[in-house]
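Asker: A single structure is presented below for examination.
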Amino acid sequence: MPSETPQAEVGPTGCPHLSGPHSAQGSLEKGLPGDKEAKEPLWIRPDAPSRCTWQLGRPASESPHHHTVPEKSPKILPDILKKIGDTPMIRINKIGKKFGLKCELLAKCEFFNAGGSVKDRISLRMIEDAERAGTLKPGDTIIEPTSGNTGIGLALTAAVRGYRCIIVMPEKMSSEKVDVLRALGAEIVRTPTNARFDSPESHVGVAWRLKNEIPNSHILDQYRNASNPLAHYDTTADEILRQCDGKLDMLVASVGTGGTITGIARKLKEKCPGCRIIGVDPEGSILAEPEELNQTEQTTYEVEGIGYDFIPTVLDRTVVDKWFKSNDEEAFTFARMLIAQEGLLCGGSAGSTMAVAVKAAQELQEGQRCVVILPDSVRNYMTKFLSDRWMLQKGFLKEEDLMEKKPWWWHLRVQELSLSAPLTVLPTVSCEHTIEILREKGFDQAPVVDEAGVILGMVTLGNMLSSLLAGKVQPSDQVGKVIYTQFKQIRLTDTLGRLSHILEMDHFALVVHEQIQYHSTGKSSQRQMVFGVVTAIDLLNFVAAQERDQK
């Protein structure tokens, strides 16, 4: 993907962000060498420096933006879009007491929006602003790279307004989001989860490629669009102030694009200057400040919709008073707690936010108030953190947490299995040769290792064949082109019960063991080596053989 960063248009109002969507007829000049007529932008970086002119204390009359005023809701709504906004503020009664908070703890429940998340607000606002500017016209196509919730909001609005909608989202995102998007009539394109945001394979890169190929298409670009924070400045923040009678001492919000926390915080800084703004960023993301908070070996996380590997343009980190990092285990634990103890059917990022809130609000006293933003609903995660099996497989629940009667073999170790010597291939072996080896040896998959035996990834017969049939690779290409790293590992000391949970959702697990290697410098390092590959057939054969011997 080209690294050039075209400058966003700045209209006569001096709008600091891109004032509308990126259309296929945009005015950003970027074409082929020597082609002076070409004005087609290849892409615009979602982390371009912001040129926003907002300043605390600056009169609202000097704002270059169109601002909306909340309308009184009629008894009969003209369409579902009128059910976006005006979400309830609900008191948290048990969790605050459980963690010894003295202050009042309130939840702004954004999953009561029509599409089920806080992103409904920005989706509607971006489309309305684009329509008002004359950029988005009937019959046009909306394309958006998203983790899912913005896509649902856009697809919902597009269904009502009559636009074609294409959503580009990473493979990590839940199947429930995909199902909802399809039901709303959206077209869906999936991208690799581990692709960097600036690579052609990322959800951002693929969205821009589609935009450049499809006539009359537009990327509304939640990462750069001023309508994102403006939606929260004009509506969400005003609702919070009204619901709290202007009295709140702390606001806690998880951060993705940054539009929610930026818009709300700017309004609160103006109207309630004593309120502390707390930002929540998952471990593996780089949004938090100071930079030391982001230092970790972790690069992936399960919680969806928050955190990024770049700083979105719309995120104003200067309005955040303090950052906290959150992890997956506490996120899903607190999300389940909110459901079980408060009856709030919220998603995983709400758990991240609440987990941080009970830490940050320890400094507040009686008579003070903390507001927590709960971004989306549990609807999107029915097969994820709401599932005990999924939680067990991911290691967020322990076997003893579930009081079920286990079979006799449950607590035996993986080392009890009679695993054959592993078949491994080097990344330089051709796809054609690898397929021949797997067929000859009767295997469906094999670990890919380097010359030293260090695990690089896995390759499966099915994945190679589908890649060849789709023309993604040639038979002579190295197998390193089709390896993937999203597979489950298990150790010899793990239980067969844990293996069973993995095999309920995956076709195989890679059995590994640690090796300590000493270097000439006197230092040592630990690396994982392949011990074998185990499948459901291996487990079933072991159980059947043991029961046969006992008879």
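Heads up, the Cβ atoms here are built off N, Cα and C, so glycines get one too.
Heads up, here are the entries from Swiss-Prot:
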type	residues	note
BINDING	Cys52, His65	heme binding site
BINDING	Asn149, Gly256, Thr257, Gly258, Gly259, Thr260, Ser349	pyridoxal 5'-phosphate binding site
COMPBIAS	32-42	compositional bias 'Basic and acidic residues'
COMPBIAS	63-73	compositional bias 'Basic and acidic residues'
CROSSLNK	Lys211	SUMO cross-link
MOD_RES	Ser27	phosphoserine
MOD_RES	Ser199	phosphoserine
REGION	1-73	region 'Disordered'
Asker: Beyond Asn149, Gly256, Thr257, Gly258, Gly259, Thr260, Ser349, what residues of that chain have CB atoms within 8 A of the centre of the pyridoxal 5'-phosphate site's CB atoms?
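Answerer: So the additional residues around the site are Val118, Lys119, Gln222, Ser254, Val255, Ile261, Gly305, Ile306, Pro375.
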Asker: At the level of the C-alpha atoms, what whole-angstrom distance separates His65 (heme binding site) and Asn149 (pyridoxal 5'-phosphate binding site)?
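Answerer: That comes out at 25 Å between the alpha carbons.
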Asker: Between Cys52 (heme binding site) and Asn149 (pyridoxal 5'-phosphate binding site), find the distance joining the two CA atoms and give it rounded to the nearest Å.
Answerer: 25
Asker: What is the number of other Cβ atoms found within 10 Å of the Cβ of Lys211 (SUMO cross-link)?
Answerer: 27
Asker: Provide the number of Cβ atoms within 10 Å of the Cβ of Asn149 (pyridoxal 5'-phosphate binding site), excluding the reference atom itself.
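Answerer: Excluding its own Cβ, Asn149 (pyridoxal 5'-phosphate binding site) sees 32 Cβ atoms within 10 Å.
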Asker: Using DSSP reduced to three states, classify Cys52 (heme binding site) as helix, strand or coil.
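Answerer: It is coil.
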Asker: Whose Cβ, among the recorded positions Ser199, Thr257, Thr260, Ser349, has more other Cβ atoms within 10 Å than any of the rest?
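Answerer: Checking each of Ser199, Thr257, Thr260, Ser349, the winner is Ser349.
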Asker: Out of these binding-site residues, Gly258, Gly259, which one has the fewest other C-beta atoms within 10 Å of its own C-beta?
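Answerer: Comparing Cβ neighbours within 10 Å for the binding-site residues Gly258, Gly259, Gly258 has the fewest.
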Asker: Rounded to the nearest Å, what's the C-alpha distance separating Gly256 (pyridoxal 5'-phosphate binding site) and the residue listed as 'SUMO cross-link'? Just drop the number here, would you?
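Answerer: Their Cα atoms are separated by 23 Å.
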Asker: Using only the Cα atoms of Asn149, Gly256, Thr257, Gly258, Gly259, Thr260, Ser349, which the record gives as binding pyridoxal 5'-phosphate, return the largest interatomic distance in Å, rounded to a whole number.
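Answerer: Of all Cα pairs among the recorded pyridoxal 5'-phosphate binders, the widest measures 15 Å.
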Asker: Let's check the environment of Gly256 (pyridoxal 5'-phosphate binding site): how many other CB atoms sit within 10 Å of its CB?
Answerer: 29
Asker: How many of the residues that make up the compositional bias 'Basic and acidic residues' (63-73) does DSSP mark as helix, as strand and as coil?
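Answerer: Each residue of the compositional bias 'Basic and acidic residues' (63-73) counted once, the result is 0 helix, 0 strand, 11 coil.
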